[in-house]
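Pulled from TrEMBL:
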- 1-24: signal peptide (SIGNAL)
- His63: active site (ACT_SITE)
- Glu111: active site (ACT_SITE)
- His115: active site (ACT_SITE)
Amino acid sequence: MAPRAVRGALLVWALALCCLSGAGRPWSGSHEWKKLILTQLWPPTLCKEVNDCEKSPDYWTIHGLWPDKVEDCNSSWHFHLDEIKDLFQDMNLYWPDIKHPLNGSRFWKHEWEKHGTCAAQLDALDSEKKYFGKSLVLYKQLDLTKVLQKLGIEPSINYYYISDFKDALTRIYGVVPKIQCLPSTQGENVQTISQIELCFTKEDFRLRNCTEPGELPKQEVWLSRVTATQSMMVCEDGPVFYPPPKKIRRTKYYV
């Protein structure tokens, strides 16, 4: 084979290897983002929506860590479960797949390929282990379940007001959270709290407001594509139901 042909073959092989490994991560302008959104789910609400609450945790769990406005940044960077085996215990506990509790890895795969490959633009998040590990660290730092309990906001058959959540969390965290609900359905007269989002700066993972003046309309369009279900929406001012979990037996999660 001629030298030029050899060099060409080597170049093709190197590019293929780069793509397969996810090592080559070209970031175009369309993949730029400004902040990270740590989204936490209230499992009893999700179970209420799918009519199955037998395996619902009684604490807030992770939905995802999302760079804003981008998705699916590197389709060649596939999820490999072995890379986060050291995190299995915490992942099963704090990042479970509520809808498919015996196969949490399917949920994690989705979050990595849709959001993790975009977050990997940062050195601190440029591997599965870093991305999921940092998400767990931020989740534990926020300690949302305990914070709400200390503020006297606990699941109840009585209603709260959205302002109760917003005012209390803003006082504790120093930033305005974004709260999402399931709207009231036939036979109900109140929305049900579903998700709480708290945002971090891209540079140094400091808490920041999720929206800024002039940013809301565009951001809301993007968020409508990444919420857990199509029926979820930003909560309206007014009463809200914070449903208590059913009494459940302990369930062991598998991957």
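A Cβ is built for glycine as well, from the same backbone N, Cα and C atoms used for every other residue.
Keep in mind it's a predicted model, so treat the numbers as computed, not measured.
Take the CB of Glu111 (active site) and look out to 10 A: across all protein chains shown you find 21 other CB atoms. Note on His63 (active site): other Cβ atoms within 10 Å of its Cβ, all shown chains, come to 24. Separation of the C-alpha atoms of His63 (active site) and His115 (active site): 11 Å, rounded to the nearest whole number.
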